[in-house]
Number of protein chains: 4
Amino acid sequence: MIMDEDFIKNPDVPGPTKEELRCLMICKSNVSDKDIVVDIGCGTGGLTVEFAKKAKYVYAIDINNKAIETTIQNIKKHDVNENVEVLEGDGLDVLDELTNFDLLIIGGSGGKLPLLIKKGYNKLNNNGRIIITAILLETRVEAVSTFKELSVIPDVVDISISKGQISERGTMMFAKNPVAIISAKKEN
Amino acid sequence: MIMDEDFIKNPDVPGPTKEELRCLMICKSNVSDKDIVVDIGCGTGGLTVEFAKKAKYVYAIDINNKAIETTIQNIKKHDVNENVEVLEGDGLDVLDELTNFDLLIIGGSGGKLPLLIKKGYNKLNNNGRIIITAILLETRVEAVSTFKELSVIPDVVDISISKGQISERGTMMFAKNPVAIISAKKEN
Amino acid sequence: MIMDEDFIKNPDVPGPTKEELRCLMICKSNVSDKDIVVDIGCGTGGLTVEFAKKAKYVYAIDINNKAIETTIQNIKKHDVNENVEVLEGDGLDVLDELTNFDLLIIGGSGGKLPLLIKKGYNKLNNNGRIIITAILLETRVEAVSTFKELSVIPDVVDISISKGQISERGTMMFAKNPVAIISAKKEN
Amino acid sequence: MIMDEDFIKNPDVPGPTKEELRCLMICKSNVSDKDIVVDIGCGTGGLTVEFAKKAKYVYAIDINNKAIETTIQNIKKHDVNENVEVLEGDGLDVLDELTNFDLLIIGGSGGKLPLLIKKGYNKLNNNGRIIITAILLETRVEAVSTFKELSVIPDVVDISISKGQISERGTMMFAKNPVAIISAKKEN
Ligand SMILES: Nc1ncnc2c1ncn2[C@@H]1O[C@H](CSCC[C@H](N)C(=O)O)[C@@H](O)[C@H]1O
Ligand SMILES: Nc1ncnc2c1ncn2[C@@H]1O[C@H](CSCC[C@H](N)C(=O)O)[C@@H](O)[C@H]1O
Ligand SMILES: Nc1ncnc2c1ncn2[C@@H]1O[C@H](CSCC[C@H](N)C(=O)O)[C@@H](O)[C@H]1O
Ligand SMILES: Nc1ncnc2c1ncn2[C@@H]1O[C@H](CSCC[C@H](N)C(=O)O)[C@@H](O)[C@H]1O
């Protein structure tokens, strides 16, 4: 895993997704070098870069122009230009242009999560996987209820991590904000 | 409970103990208006003030002169001057001068936790209680092992709290750092 | 605080609310001996008993007959019969019969949380408080969104507690399931 | 990642390490197909199997004969016999016989953690990594203080996970016990 501090940051763009979370998303996604990945809400490119190292190809999408710029910087820095394409736009529109993908990451939705899940899940290749990160309580619930509508029971994991800062006095634990991962596999 | 923002703060003094933790300490301590309380490491006076509202009398001790000043300010602000005495010094020394107390809070120890627990526990009135807050991993373990030496099995609770910040987008959860409360009752 | 094991349990009734949570609810509620409390979804009576010790009067309501029985047992055991009245029925109906209360606890809602919050909040005395426990993700979100409809910004706290079990080998931490407390004050 | 339920269990053996934790250990370890791994305290083989899929070779060690048996069963079930060797014995002794390894996992130590860390760290290849799981408070602290003795500042992460159980009523979160991962890299 790339360390958090090895990503270029941008004060106007959320991210990068913390190391431990990137790690869990790699696992939950079961990504392989045969997979084509779509990362909606690529932010700083934290997940884009990490998945690009494991997958065949990644489409990185963001509606925010500054996120697109930062993602491009991180793609260069981490040397994954060759198998990433960066697309500016609303994920809901960009999805229309994409076909044939195995893994859909939704890291940002701007209030359109149900539509993104439905459209994305439908377009996903068979045995494809969809994986959503949620920092808002509402996102967790929206994801679950949209999957219910699709008759899919997703896996829901809420992760709270604290990291030790070691000094002479001892080991002080600093908490990271909780994040949920909601994921599902498309069975055909 | 007093709200966190209603305490006077000081950049050089840790505290005040967060509302939820003050609350749990009040409960775990079973404090009543018959109790005389000793608060070693009073910091900003967060616990001192809260216990002064429930107990008969509180001795607030800190080795840091700025903590003493801030505690005095909060005592005045929250109108509990009448049943609090503030004592500057190392808790280990000040304990020598105190007799007859029912509740010992250790919120700071500066590496002297085992000695503070032993001396404090011995001087505690019968049916007295001792209650320690730990932010360091080492403090948790030191507290447990010192109680073991005293043939006491303490209650150990680790508390992780996150607080919602509500905006139009939704409810974002912000994590507070984990804190442990280690407490025990002196049975005679 | 009463210890968890000091409540009579019933395999068919959820509860009692864990000690630490009861404690935080007492604090968040700011209950005093002038307060009349309504506890909808009293379950085993865990909160009923605890609030009865601090408040003027508690109405304990549950739709489940076995919960009513268990609550009555715990009221007797903990000697608070004199200021508790137990009412069997759907909280939404029973609320119609109640006037003049300062504190509304909703510990169970059976899918009617928005209606319970709205009716309860409206009937609450001025400066009254409403306090909801949520174990489901959906309950957290429903509570927040209902308060938003009422133009109230609630306090949202998610609590994760783990308890130490001490043996010769060391201190093993056992996690309790996370619970959220959503609370608000009625300002007039 | 292999799902928790896909490992053979044994009532007398702790494990398998939960999916999310296995995942984080894989990440923290930076394991590659060039790495030789030593897994002290292999238990049911949860980590052994997972690392065998990524590494060149794994030595799985346990002092408990039943753990050895269960590990062998899981190695077979998950088809990694070819690059795993199972060794019964105290890790401290078995370490003496091993040379040339890149990754040391300590998942159980039976009170010998400081000695295991010291011996293991010394024998580790350059750029090797050591990674310890801790469920006891004492193990966390012992690991940190042993690394301090070795003038190494380890990475300390405490992980609390809760998993959603989805029903018609909603999504109930069930907490797993917190686990810490303490890891370090050997810089030469
Ligand atoms: N409908 C939508 N389409 C595309 N991007 C969107 C979107 N709604 C929100 N976003 C984007 O989602 C992003 C969420 S932050 C994502 C962080 C990222 N995973 C990282 O590791 O860096 C933001 O950059 C936001 O601009
Ligand atoms: N041996 C000792 N004797 C007295 N005070 C000590 C001490 N070691 C540390 N302290 C004090 O312990 C305090 C810990 S911070 C305590 C915060 C306090 N509970 C609040 O709510 O504000 C610090 O102010 C520190 O100066
Ligand atoms: N609409 C409704 N009206 C009244 N009670 C309800 C209800 N919906 C659910 N309940 C009750 O809410 C309870 C939730 S469990 C509450 C546990 C309780 N706080 C304790 O400490 O013991 C259940 O007993 C359930 O029967
Ligand atoms: N000194 C020692 N040497 C070897 N094994 C040890 C040991 N002390 C404890 N153990 C073993 O450490 C194991 C810890 S449980 C490990 C679980 C394992 N990671 C899994 O995924 O299944 C136990 O099986 C115990 O027998």
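Please read every residue number as a count from 1 along the shown chain.
Every residue, even glycine, has its Cβ placed from backbone N, Cα and C.
According to DSSP, A:THR17 (S-adenosyl-L-methionine binding site) sits in a coil region rather than a helix or strand. Counting only residues at least six positions away in the same chain, the Cβ atoms of A:MET25, A:GLY43, A:GLY46, A:LEU47, A:GLY107, A:THR133 sit under 8 Å from the Cβ of A:THR17 (S-adenosyl-L-methionine binding site). Here TrEMBL flags A:THR17, A:GLY41, A:CYS42, A:GLY43, A:THR44, A:GLY45, A:ASP62, A:GLY91 as S-adenosyl-L-methionine binding site.
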Counting only residues 6+ away in sequence within the same chain, which have a CB under 8 Å from the CB of A:THR44 (S-adenosyl-L-methionine binding site)? A:PHE7, A:ILE8, A:LYS9, A:ASN10, A:VAL13, A:PRO14, A:GLY15, A:PRO16, A:ALA67, A:THR70, A:THR71, A:ASN74
On the Cα atoms of A:THR17, A:GLY41, A:CYS42, A:GLY43, A:THR44, A:GLY45, A:ASP62, A:GLY91, which are listed as binding S-adenosyl-L-methionine, what is the maximum pairwise distance in Å? 19
Judged by other C-beta atoms within 10 Å of its C-beta, the most isolated of the binding-site residues A:GLY41, A:GLY43 is A:GLY41
What residues, ordered by sequence, lie under 8 A Cβ-to-Cβ from A:CYS42 (S-adenosyl-L-methionine binding site) and sit at least six positions away in the same chain? A:THR48, A:ALA60, A:ILE61, A:ASP62, A:ALA67, A:ILE68, A:THR71, A:VAL86, A:GLY107
Of all the binding-site residues here, A:GLY45, A:GLY91, which one's CB has the most other CB atoms within 10 A? A:GLY45
